[in-house]
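First up is the structure itself, then whatever we jot down about it.
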Amino acid sequence: MSFHKEDGVNSLCQKALHIVTELCFAGQVEWEKCSGIFPRDRGSQGGSSTDISVSLLAVVVSFCGLALLVVSLFVFWKLCWPCWKSKPVTSNITTLPQSISSAPTEVFETEEKKEIKENEKPAVKAIEPAIKISHTSPDIPAEVQTALKEHLIKHARVQRQITEPTSSTRHSSFRRHLPRQMQVSSVDFSMGTEPVLQRGETTTSIGRIKPELYKQKSVDSEGNQNEDVKICGKLNFTLQYDYENELLVVKIIKALDLPAKDFTGTSDPYVKMYLLPDRKKKFQTRVHRKTLNPLFDETFQFPVAYDQLSNRKLHFSVYDFDRFSRHDMIGEVILDNLFEVSDLSREATVWKDIHCATTESIDLGEIMFSLCYLPTAGRMTLTVIKCRNLKAMDITGSSDPYVKVSLMCEGRRLKKRKTTTKKNTLNPVYNEAIIFDIPPENVDQVSLSIAVMDYDRVGHNEVIGVCRTGLDAEGLGRDHWNEMLAYHRKPITHWHPLLELPGRATSFDSQGSCPSPKPPSTP
(Lines of atoms letter the chains of each structure in order from A; the text may use other names.)
(Lines give C-alpha, C1' and ligand atoms only; values in the text may rest on other atoms or scores of the structure.)
Protein backbone atom coordinates (compact mmCIF):
# COMPACT_ATOMS: atom_id res chain seq x y z
CA MET A 1 0.00 0.00 0.00
CA SER A 2 2.78 2.32 0.91
CA PHE A 3 4.36 1.71 -2.47
CA HIS A 4 1.22 2.74 -4.34
CA LYS A 5 0.84 5.82 -2.14
CA GLU A 6 4.36 7.02 -2.98
CA ASP A 7 3.74 6.56 -6.67
CA GLY A 8 0.56 8.61 -6.45
CA VAL A 9 2.32 11.41 -4.59
CA ASN A 10 5.12 11.49 -7.14
CA SER A 11 2.72 11.69 -10.01
CA LEU A 12 0.84 14.49 -8.30
CA CYS A 13 4.07 16.35 -7.69
CA GLN A 14 5.11 16.01 -11.30
CA LYS A 15 1.76 17.24 -12.51
CA ALA A 16 1.91 20.19 -10.10
CA LEU A 17 5.43 21.02 -11.22
CA HIS A 18 4.37 20.83 -14.86
CA ILE A 19 1.45 23.19 -14.21
CA VAL A 20 3.65 25.67 -12.34
CA THR A 21 6.21 25.55 -15.11
CA GLU A 22 3.64 26.32 -17.76
CA LEU A 23 2.26 29.18 -15.69
CA CYS A 24 5.70 30.69 -15.05
CA PHE A 25 6.89 30.45 -18.62
CA ALA A 26 3.53 31.54 -19.99
CA GLY A 27 3.93 34.83 -18.11
CA GLN A 28 0.78 34.46 -16.02
CA VAL A 29 2.81 34.42 -12.80
CA GLU A 30 5.51 36.90 -11.87
CA TRP A 31 9.01 35.61 -12.37
CA GLU A 32 10.04 36.57 -8.88
CA LYS A 33 7.64 33.97 -7.46
CA CYS A 34 8.97 31.39 -9.85
CA SER A 35 12.64 32.19 -9.28
CA GLY A 36 12.76 30.08 -6.15
CA ILE A 37 11.31 27.10 -7.97
CA PHE A 38 13.61 27.30 -11.09
CA PRO A 39 17.12 28.37 -9.94
CA ARG A 40 18.87 26.67 -12.89
CA ASP A 41 16.74 28.36 -15.53
CA ARG A 42 17.65 31.73 -14.02
CA GLY A 43 21.30 30.94 -14.34
CA SER A 44 20.87 29.86 -17.92
CA GLN A 45 18.93 33.04 -18.64
CA GLY A 46 21.80 35.14 -17.18
CA GLY A 47 24.31 33.14 -19.17
CA SER A 48 22.45 33.76 -22.37
CA SER A 49 22.41 37.52 -21.69
CA THR A 50 26.13 37.41 -20.96
CA ASP A 51 26.76 35.62 -24.24
CA ILE A 52 24.79 38.31 -26.07
CA SER A 53 26.84 41.14 -24.50
CA VAL A 54 30.14 39.41 -25.34
CA SER A 55 29.09 38.96 -28.95
CA LEU A 56 28.08 42.62 -29.17
CA LEU A 57 31.45 43.66 -27.75
CA ALA A 58 33.23 41.47 -30.29
CA VAL A 59 31.26 43.10 -33.11
CA VAL A 60 32.16 46.59 -31.87
CA VAL A 61 35.86 45.73 -31.55
CA SER A 62 35.90 44.20 -35.04
CA PHE A 63 34.28 47.30 -36.52
CA CYS A 64 36.77 49.60 -34.79
CA GLY A 65 39.69 47.51 -36.01
CA LEU A 66 38.38 47.58 -39.57
CA ALA A 67 37.96 51.36 -39.39
CA LEU A 68 41.50 51.76 -38.04
CA LEU A 69 42.83 49.61 -40.89
CA VAL A 70 41.02 51.75 -43.47
CA VAL A 71 42.43 54.94 -41.94
CA SER A 72 45.94 53.48 -41.92
CA LEU A 73 45.69 52.50 -45.58
CA PHE A 74 44.43 55.97 -46.50
CA VAL A 75 47.32 57.69 -44.69
CA PHE A 76 49.85 55.32 -46.26
CA TRP A 77 48.43 56.02 -49.74
CA LYS A 78 48.62 59.78 -49.19
CA LEU A 79 52.23 59.66 -48.03
CA CYS A 80 53.77 57.09 -50.36
CA TRP A 81 51.78 57.34 -53.59
CA PRO A 82 53.27 60.71 -54.76
CA CYS A 83 56.77 59.24 -54.52
CA TRP A 84 55.83 56.16 -56.56
CA LYS A 85 53.94 58.31 -59.03
CA SER A 86 56.90 60.63 -59.62
CA LYS A 87 59.35 57.81 -60.35
CA PRO A 88 58.22 56.94 -63.90
CA VAL A 89 57.78 60.65 -64.78
CA THR A 90 61.29 61.61 -63.76
CA SER A 91 62.76 58.61 -65.50
CA ASN A 92 61.12 59.64 -68.76
CA ILE A 93 62.08 63.30 -68.47
CA THR A 94 65.66 62.70 -67.36
CA THR A 95 68.15 63.03 -70.20
CA LEU A 96 70.86 60.60 -71.10
CA PRO A 97 73.61 62.09 -68.92
CA GLN A 98 71.39 61.91 -65.81
CA SER A 99 70.17 58.40 -66.51
CA ILE A 100 73.68 57.14 -66.98
CA SER A 101 75.18 58.87 -63.95
CA SER A 102 72.36 58.27 -61.43
CA ALA A 103 72.65 54.48 -61.39
CA PRO A 104 76.42 54.07 -61.07
CA THR A 105 76.61 56.54 -58.16
CA GLU A 106 74.77 54.25 -55.75
CA VAL A 107 76.63 51.18 -56.90
CA PHE A 108 80.04 52.77 -56.61
CA GLU A 109 79.28 54.05 -53.11
CA THR A 110 78.61 50.49 -51.96
CA GLU A 111 81.62 49.17 -53.80
CA GLU A 112 84.02 51.67 -52.23
CA LYS A 113 84.36 49.71 -48.99
CA LYS A 114 84.96 46.51 -50.91
CA GLU A 115 87.77 48.07 -52.90
CA ILE A 116 89.47 49.35 -49.74
CA LYS A 117 89.56 45.83 -48.33
CA GLU A 118 90.20 44.05 -51.61
CA ASN A 119 92.50 46.20 -53.74
CA GLU A 120 93.55 43.26 -55.86
CA LYS A 121 90.07 42.63 -57.25
CA PRO A 122 89.48 43.96 -60.79
CA ALA A 123 87.24 46.98 -61.21
CA VAL A 124 85.14 45.20 -63.80
CA LYS A 125 82.88 43.73 -61.13
CA ALA A 126 82.13 47.18 -59.80
CA ILE A 127 81.28 48.49 -63.24
CA GLU A 128 79.03 45.70 -64.44
CA PRO A 129 76.26 46.38 -61.87
CA ALA A 130 76.18 49.98 -62.98
CA ILE A 131 75.80 48.94 -66.57
CA LYS A 132 73.00 46.56 -65.66
CA ILE A 133 71.18 49.29 -63.78
CA SER A 134 71.55 51.70 -66.67
CA HIS A 135 69.83 49.18 -68.94
CA THR A 136 66.56 49.94 -67.16
CA SER A 137 66.53 53.52 -68.38
CA PRO A 138 64.32 53.84 -71.47
CA ASP A 139 66.24 56.95 -72.66
CA ILE A 140 69.53 55.19 -73.37
CA PRO A 141 69.80 53.70 -76.86
CA ALA A 142 70.95 50.12 -77.07
CA GLU A 143 73.96 51.08 -79.20
CA VAL A 144 75.17 53.58 -76.61
CA GLN A 145 74.74 51.07 -73.80
CA THR A 146 76.71 48.42 -75.65
CA ALA A 147 79.51 50.80 -76.58
CA LEU A 148 79.66 52.16 -73.04
CA LYS A 149 79.87 48.69 -71.53
CA GLU A 150 82.64 47.57 -73.87
CA HIS A 151 84.66 50.73 -73.31
CA LEU A 152 84.32 50.66 -69.53
CA ILE A 153 85.38 47.03 -69.34
CA LYS A 154 88.34 47.76 -71.62
CA HIS A 155 89.53 50.77 -69.60
CA ALA A 156 88.61 49.50 -66.13
CA ARG A 157 92.21 49.20 -65.00
CA VAL A 158 93.11 52.65 -66.31
CA GLN A 159 90.50 54.26 -64.09
CA ARG A 160 92.34 53.35 -60.88
CA GLN A 161 94.57 55.83 -59.12
CA ILE A 162 97.62 54.82 -57.17
CA THR A 163 97.20 57.26 -54.28
CA GLU A 164 93.41 57.22 -53.90
CA PRO A 165 91.86 53.98 -55.16
CA THR A 166 88.45 54.84 -53.69
CA SER A 167 87.97 57.93 -55.84
CA SER A 168 88.69 56.33 -59.19
CA THR A 169 85.28 54.82 -59.73
CA ARG A 170 83.60 57.95 -58.44
CA HIS A 171 85.40 60.17 -60.97
CA SER A 172 84.76 57.74 -63.77
CA SER A 173 81.04 57.92 -63.06
CA PHE A 174 81.08 61.69 -63.53
CA ARG A 175 82.89 61.40 -66.82
CA ARG A 176 80.03 59.42 -68.25
CA HIS A 177 77.95 62.64 -68.51
CA LEU A 178 78.05 62.52 -72.29
CA PRO A 179 75.60 64.05 -74.79
CA ARG A 180 73.36 61.73 -76.74
CA GLN A 181 74.97 62.60 -80.07
CA MET A 182 78.54 61.89 -78.95
CA GLN A 183 80.05 58.56 -79.91
CA VAL A 184 81.13 56.86 -76.69
CA SER A 185 83.79 54.74 -78.34
CA SER A 186 85.65 57.85 -79.51
CA VAL A 187 86.15 59.38 -76.05
CA ASP A 188 89.20 58.89 -73.86
CA PHE A 189 88.21 58.16 -70.24
CA SER A 190 91.73 58.31 -68.84
CA MET A 191 92.13 60.05 -65.48
CA GLY A 192 93.20 63.68 -65.28
CA THR A 193 92.33 64.50 -68.87
CA GLU A 194 89.22 65.79 -70.57
CA PRO A 195 87.42 63.71 -73.20
CA VAL A 196 89.20 63.98 -76.53
CA LEU A 197 87.49 63.17 -79.79
CA GLN A 198 89.47 60.92 -82.09
CA ARG A 199 88.41 59.26 -85.30
CA GLY A 200 84.70 59.66 -84.69
CA GLU A 201 85.02 63.45 -84.63
CA THR A 202 83.94 63.97 -88.21
CA THR A 203 80.60 62.25 -87.72
CA THR A 204 79.85 63.62 -84.25
CA SER A 205 81.13 67.21 -84.44
CA ILE A 206 77.77 68.68 -85.42
CA GLY A 207 77.25 71.95 -83.61
CA ARG A 208 80.91 72.50 -82.74
CA ILE A 209 82.39 75.88 -83.67
CA LYS A 210 85.38 75.79 -85.97
CA PRO A 211 87.16 79.16 -85.84
CA GLU A 212 88.95 78.58 -89.12
CA LEU A 213 85.61 78.79 -90.96
CA TYR A 214 85.03 82.32 -89.70
CA LYS A 215 88.28 83.89 -90.85
CA GLN A 216 87.62 86.69 -93.29
CA LYS A 217 89.89 87.41 -96.17
CA SER A 218 89.57 91.13 -95.62
CA VAL A 219 90.93 90.84 -92.08
CA ASP A 220 93.87 88.72 -93.17
CA SER A 221 94.67 90.99 -96.07
CA GLU A 222 94.51 94.04 -93.83
CA GLY A 223 96.90 92.42 -91.39
CA ASN A 224 99.37 91.68 -94.18
CA GLN A 225 99.06 95.22 -95.48
CA ASN A 226 99.70 96.69 -92.05
CA GLU A 227 102.91 94.70 -91.81
CA ASP A 228 104.13 96.14 -95.13
CA VAL A 229 103.07 99.75 -94.42
CA LYS A 230 105.94 102.12 -93.72
CA ILE A 231 105.75 104.26 -90.59
CA CYS A 232 106.63 107.95 -90.99
CA GLY A 233 106.16 109.42 -87.54
CA LYS A 234 103.62 109.56 -84.73
CA LEU A 235 100.54 111.69 -84.11
CA ASN A 236 99.33 112.66 -80.65
CA PHE A 237 95.72 113.76 -80.06
CA THR A 238 92.95 113.58 -77.46
CA LEU A 239 89.28 112.58 -77.68
CA GLN A 240 86.31 113.55 -75.52
CA TYR A 241 82.54 113.63 -76.03
CA ASP A 242 80.39 116.58 -74.92
CA TYR A 243 77.07 115.00 -73.93
CA GLU A 244 75.24 118.29 -73.38
CA ASN A 245 75.97 119.72 -76.83
CA GLU A 246 76.41 116.35 -78.63
CA LEU A 247 79.89 117.19 -79.87
CA LEU A 248 82.98 115.06 -80.43
CA VAL A 249 85.90 117.18 -79.24
CA VAL A 250 89.23 116.36 -80.93
CA LYS A 251 92.42 118.10 -79.87
CA ILE A 252 95.48 117.63 -82.09
CA ILE A 253 98.49 118.08 -79.83
CA LYS A 254 101.63 117.32 -81.84
CA ALA A 255 103.42 115.13 -84.35
CA LEU A 256 106.86 113.54 -83.99
CA ASP A 257 109.57 112.28 -86.35
CA LEU A 258 108.01 113.41 -89.62
CA PRO A 259 110.01 112.81 -92.83
CA ALA A 260 111.67 115.72 -94.63
CA LYS A 261 109.92 116.77 -97.83
CA ASP A 262 111.91 119.92 -98.70
CA PHE A 263 115.43 120.00 -100.10
CA THR A 264 116.49 121.84 -96.95
CA GLY A 265 115.82 118.71 -94.88
CA THR A 266 112.66 120.01 -93.22
CA SER A 267 108.91 120.14 -93.87
CA ASP A 268 106.00 122.53 -93.48
CA PRO A 269 103.39 120.16 -92.01
CA TYR A 270 99.71 120.62 -91.33
CA VAL A 271 96.86 118.18 -90.63
CA LYS A 272 93.44 117.75 -92.26
CA MET A 273 90.76 115.84 -90.42
CA TYR A 274 87.46 114.10 -91.37
CA LEU A 275 84.85 112.17 -89.41
CA LEU A 276 84.01 109.49 -91.96
CA PRO A 277 81.86 108.71 -93.83
CA ASP A 278 80.91 112.40 -93.86
CA ARG A 279 83.46 114.39 -95.87
CA LYS A 280 81.51 117.62 -95.98
CA LYS A 281 82.75 118.57 -92.52
CA LYS A 282 86.54 119.07 -92.73
CA PHE A 283 89.00 120.73 -90.36
CA GLN A 284 92.57 121.82 -90.94
CA THR A 285 95.32 122.96 -88.59
CA ARG A 286 97.73 125.83 -89.11
CA VAL A 287 100.91 125.27 -91.12
CA HIS A 288 104.08 125.02 -89.04
CA ARG A 289 107.17 126.14 -90.92
CA LYS A 290 110.40 124.16 -91.17
CA THR A 291 109.89 121.55 -88.49
CA LEU A 292 109.68 117.78 -88.26
CA ASN A 293 108.11 117.82 -84.79
CA PRO A 294 105.26 120.34 -85.01
CA LEU A 295 103.30 121.34 -81.92
CA PHE A 296 99.72 122.05 -83.03
CA ASP A 297 97.67 122.27 -79.81
CA GLU A 298 94.40 122.97 -81.68
CA THR A 299 90.88 121.83 -80.77
CA PHE A 300 88.06 120.91 -83.18
CA GLN A 301 84.45 119.88 -82.66
CA PHE A 302 82.32 117.50 -84.75
CA PRO A 303 78.53 117.63 -84.23
CA VAL A 304 77.46 113.98 -83.96
CA ALA A 305 75.06 111.97 -81.81
CA TYR A 306 76.61 109.61 -79.29
CA ASP A 307 74.83 106.52 -80.65
CA GLN A 308 76.35 107.18 -84.09
CA LEU A 309 79.97 107.17 -82.91
CA SER A 310 80.24 103.40 -83.34
CA ASN A 311 79.66 103.84 -87.10
CA ARG A 312 82.16 106.69 -87.54
CA LYS A 313 85.89 106.75 -88.30
CA LEU A 314 88.34 109.54 -87.58
CA HIS A 315 90.68 110.23 -90.51
CA PHE A 316 93.82 112.38 -90.16
CA SER A 317 95.88 113.35 -93.22
CA VAL A 318 99.30 114.94 -92.70
CA TYR A 319 100.48 117.20 -95.56
CA ASP A 320 103.58 119.20 -96.40
CA PHE A 321 102.71 122.70 -97.51
CA ASP A 322 104.25 123.89 -100.79
CA ARG A 323 103.68 127.45 -101.92
CA PHE A 324 104.46 126.93 -105.60
CA SER A 325 103.21 123.39 -106.32
CA ARG A 326 100.77 120.77 -105.12
CA HIS A 327 100.96 119.92 -101.43
CA ASP A 328 102.73 116.65 -100.75
CA MET A 329 101.01 114.07 -98.58
CA ILE A 330 103.21 112.74 -95.79
CA GLY A 331 100.91 110.08 -94.34
CA GLU A 332 97.60 109.34 -92.68
CA VAL A 333 96.05 107.97 -89.50
CA ILE A 334 92.66 106.21 -89.47
CA LEU A 335 91.00 105.50 -86.12
CA ASP A 336 88.39 102.85 -86.91
CA ASN A 337 87.09 102.48 -83.33
CA LEU A 338 86.49 105.73 -81.47
CA PHE A 339 85.97 103.78 -78.24
CA GLU A 340 89.34 102.09 -78.51
CA VAL A 341 90.78 103.97 -75.52
CA SER A 342 87.75 104.80 -73.36
CA ASP A 343 84.04 105.60 -73.45
CA LEU A 344 84.95 109.26 -74.17
CA SER A 345 83.29 110.50 -70.99
CA ARG A 346 86.69 111.90 -70.02
CA GLU A 347 89.51 113.24 -72.13
CA ALA A 348 91.55 110.32 -73.49
CA THR A 349 95.05 110.70 -74.93
CA VAL A 350 95.88 108.68 -78.06
CA TRP A 351 99.19 108.01 -79.83
CA LYS A 352 99.00 106.60 -83.36
CA ASP A 353 101.59 105.71 -86.00
CA ILE A 354 101.44 107.76 -89.18
CA HIS A 355 101.32 105.44 -92.19
CA CYS A 356 103.17 106.76 -95.21
CA ALA A 357 100.94 107.46 -98.21
CA THR A 358 101.27 109.39 -101.46
CA THR A 359 97.53 109.84 -102.03
CA GLU A 360 94.72 110.20 -99.54
CA SER A 361 92.81 106.94 -99.11
CA ILE A 362 89.15 107.81 -99.43
CA ASP A 363 86.34 105.48 -98.48
CA LEU A 364 84.38 105.49 -101.73
CA GLY A 365 82.02 102.66 -100.83
CA GLU A 366 81.48 99.07 -101.94
CA ILE A 367 79.63 97.25 -104.69
CA MET A 368 78.15 93.76 -104.65
CA PHE A 369 77.83 91.80 -107.88
CA SER A 370 77.75 88.17 -108.98
CA LEU A 371 79.48 86.41 -111.87
CA CYS A 372 78.17 83.36 -113.70
CA TYR A 373 79.63 81.76 -116.84
CA LEU A 374 78.00 79.20 -119.15
CA PRO A 375 80.78 77.63 -121.25
CA THR A 376 78.44 75.73 -123.58
CA ALA A 377 76.56 78.90 -124.53
CA GLY A 378 79.62 81.15 -124.27
CA ARG A 379 77.69 83.58 -122.08
CA MET A 380 78.82 85.52 -119.03
CA THR A 381 76.27 87.15 -116.74
CA LEU A 382 77.23 89.91 -114.31
CA THR A 383 74.41 90.80 -111.93
CA VAL A 384 74.77 94.16 -110.21
CA ILE A 385 73.03 93.66 -106.87
CA LYS A 386 73.62 96.80 -104.78
CA CYS A 387 76.09 99.37 -103.45
CA ARG A 388 76.63 100.75 -99.98
CA ASN A 389 78.27 103.77 -98.34
CA LEU A 390 78.98 105.55 -101.62
CA LYS A 391 80.77 108.88 -101.59
CA ALA A 392 78.47 111.90 -101.70
CA MET A 393 79.05 113.78 -104.96
CA ASP A 394 76.27 116.40 -104.84
CA ILE A 395 76.01 119.45 -102.64
CA THR A 396 72.89 117.91 -101.11
CA GLY A 397 75.02 115.19 -99.50
CA SER A 398 73.81 112.38 -101.78
CA SER A 399 74.44 111.02 -105.27
CA ASP A 400 72.56 109.75 -108.32
CA PRO A 401 74.53 106.56 -108.93
CA TYR A 402 74.47 104.11 -111.80
CA VAL A 403 76.89 101.31 -112.72
CA LYS A 404 78.77 101.04 -116.00
CA VAL A 405 80.39 97.70 -116.91
CA SER A 406 83.00 97.49 -119.68
CA LEU A 407 84.38 94.34 -121.31
CA MET A 408 88.13 94.96 -121.62
CA CYS A 409 90.89 93.19 -123.54
CA GLU A 410 94.49 94.38 -123.16
CA GLY A 411 93.39 97.93 -122.35
CA ARG A 412 90.82 98.13 -125.13
CA ARG A 413 87.13 98.44 -124.42
CA LEU A 414 85.15 95.98 -126.52
CA LYS A 415 81.64 96.44 -125.13
CA LYS A 416 79.92 98.43 -122.41
CA ARG A 417 76.62 98.16 -120.57
CA LYS A 418 75.06 100.21 -117.78
CA THR A 419 72.28 99.97 -115.22
CA THR A 420 69.48 102.37 -114.44
CA THR A 421 70.12 105.48 -112.31
CA LYS A 422 68.98 105.59 -108.70
CA LYS A 423 68.16 109.10 -107.49
CA ASN A 424 69.33 110.70 -104.23
CA THR A 425 70.85 107.70 -102.49
CA LEU A 426 74.19 106.45 -101.27
CA ASN A 427 72.99 102.85 -100.90
CA PRO A 428 71.31 101.96 -104.22
CA VAL A 429 69.79 98.55 -104.95
CA TYR A 430 69.79 97.43 -108.60
CA ASN A 431 69.40 93.65 -109.07
CA GLU A 432 70.05 94.07 -112.80
CA ALA A 433 71.78 91.50 -115.02
CA ILE A 434 74.31 92.42 -117.72
CA ILE A 435 75.17 89.74 -120.29
CA PHE A 436 78.29 89.42 -122.47
CA ASP A 437 78.92 86.79 -125.14
CA ILE A 438 82.42 85.40 -124.53
CA PRO A 439 83.55 82.12 -126.13
CA PRO A 440 85.47 79.73 -123.86
CA GLU A 441 88.71 80.22 -125.83
CA ASN A 442 88.65 83.99 -125.13
CA VAL A 443 87.77 83.91 -121.42
CA ASP A 444 91.42 84.10 -120.34
CA GLN A 445 92.05 87.20 -122.48
CA VAL A 446 89.30 89.49 -121.21
CA SER A 447 88.39 91.25 -117.98
CA LEU A 448 85.56 93.38 -116.66
CA SER A 449 85.86 96.96 -115.44
CA ILE A 450 83.05 98.10 -113.16
CA ALA A 451 82.62 101.84 -112.54
CA VAL A 452 80.07 103.45 -110.25
CA MET A 453 79.11 106.80 -111.77
CA ASP A 454 77.25 109.84 -110.45
CA TYR A 455 74.70 111.13 -112.95
CA ASP A 456 74.82 114.91 -113.47
CA ARG A 457 72.07 116.54 -115.46
CA VAL A 458 74.09 119.67 -116.29
CA GLY A 459 77.79 118.75 -116.52
CA HIS A 460 79.76 115.56 -117.04
CA ASN A 461 78.99 112.42 -115.12
CA GLU A 462 81.59 111.87 -112.39
CA VAL A 463 83.25 108.59 -111.44
CA ILE A 464 82.67 107.67 -107.81
CA GLY A 465 84.88 104.59 -107.83
CA VAL A 466 85.96 101.61 -109.91
CA CYS A 467 86.94 97.97 -109.50
CA ARG A 468 88.17 95.25 -111.85
CA THR A 469 87.77 91.51 -112.11
CA GLY A 470 89.67 89.15 -114.36
CA LEU A 471 92.82 87.06 -114.56
CA ASP A 472 94.97 90.19 -114.81
CA ALA A 473 93.24 91.86 -111.83
CA GLU A 474 94.65 91.92 -108.32
CA GLY A 475 93.42 90.51 -105.03
CA LEU A 476 89.71 89.91 -104.73
CA GLY A 477 89.07 90.73 -108.41
CA ARG A 478 91.26 87.84 -109.55
CA ASP A 479 89.92 85.46 -106.90
CA HIS A 480 86.32 86.22 -107.88
CA TRP A 481 87.10 85.50 -111.55
CA ASN A 482 88.88 82.21 -110.78
CA GLU A 483 86.01 81.10 -108.56
CA MET A 484 83.56 81.80 -111.39
CA LEU A 485 85.63 79.65 -113.78
CA ALA A 486 85.88 76.85 -111.22
CA TYR A 487 82.12 76.65 -110.64
CA HIS A 488 80.35 76.88 -113.98
CA ARG A 489 76.64 77.71 -114.11
CA LYS A 490 76.71 78.91 -110.50
CA PRO A 491 76.43 82.62 -109.57
CA ILE A 492 79.38 83.68 -107.39
CA THR A 493 78.69 86.79 -105.31
CA HIS A 494 81.19 89.07 -103.51
CA TRP A 495 81.53 92.57 -102.14
CA HIS A 496 84.23 94.69 -103.85
CA PRO A 497 85.67 97.95 -102.48
CA LEU A 498 85.62 100.90 -104.85
CA LEU A 499 88.94 102.55 -105.69
CA GLU A 500 89.83 105.88 -107.20
CA LEU A 501 90.05 106.05 -110.96
CA PRO A 502 93.80 105.93 -111.78
CA GLY A 503 93.34 107.53 -115.22
CA ARG A 504 90.68 107.60 -117.86
CA ALA A 505 93.05 106.62 -120.61
CA THR A 506 94.10 103.42 -118.90
CA SER A 507 90.64 102.30 -117.90
CA PHE A 508 88.11 103.09 -120.57
CA ASP A 509 89.31 105.06 -123.56
CA SER A 510 92.70 103.55 -124.36
CA GLN A 511 93.03 101.69 -127.59
CA GLY A 512 95.10 98.57 -128.13
CA SER A 513 95.37 95.42 -130.15
CA CYS A 514 93.15 92.63 -129.03
CA PRO A 515 91.50 89.96 -131.13
CA SER A 516 87.77 90.39 -131.16
CA PRO A 517 85.93 87.62 -129.43
CA LYS A 518 84.65 85.05 -131.84
CA PRO A 519 80.92 84.56 -131.81
CA PRO A 520 79.87 81.39 -130.07
CA SER A 521 79.44 78.45 -132.37
CA THR A 522 75.83 77.62 -132.91
CA PRO A 523 74.96 73.99 -132.87
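Note: Cβ is positioned from N, Cα and C throughout, glycine not excepted.
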Notebook entry, point to check: Do you know which of Asp307, Asp328 Swiss-Prot groups with Asp262, Asp320, Asp322 in the Ca(2+) 2 site?
Noted result: Asp328
Notebook entry, point to check: Which whole-number value in Å describes the distance between the Cα atoms of Asp328 (Ca(2+) 2 binding site) and Asp268 (Ca(2+) 1 binding site)?
Noted result: 10
Next item on the list: Other Cβ atoms within 10 Å is the metric here; tell me which of the binding-site residues Asp262, Asp268, Asp328 scores highest.
Entry: Asp268
Notebook entry, point to check: Taking each of the binding-site residues Asp320, Asp322 in turn and counting other Cβ atoms within 10 Å of its Cβ, which one has the fewest?
Noted result: Asp322
Check: Other residues with Cβ within 8 Å of the Cβ centroid of Asp262, Asp268, Asp320, Phe321, Asp322 at the Ca(2+) 1 site?
Finding: Lys261, Ser267, Pro269, Val287, Tyr319, Arg323, His327, Asp328
Notebook entry, point to check: Between 0 and 100, where does the mean pLDDT of the topological domain 'Cytoplasmic' (77-523) sit?
Noted result: 72
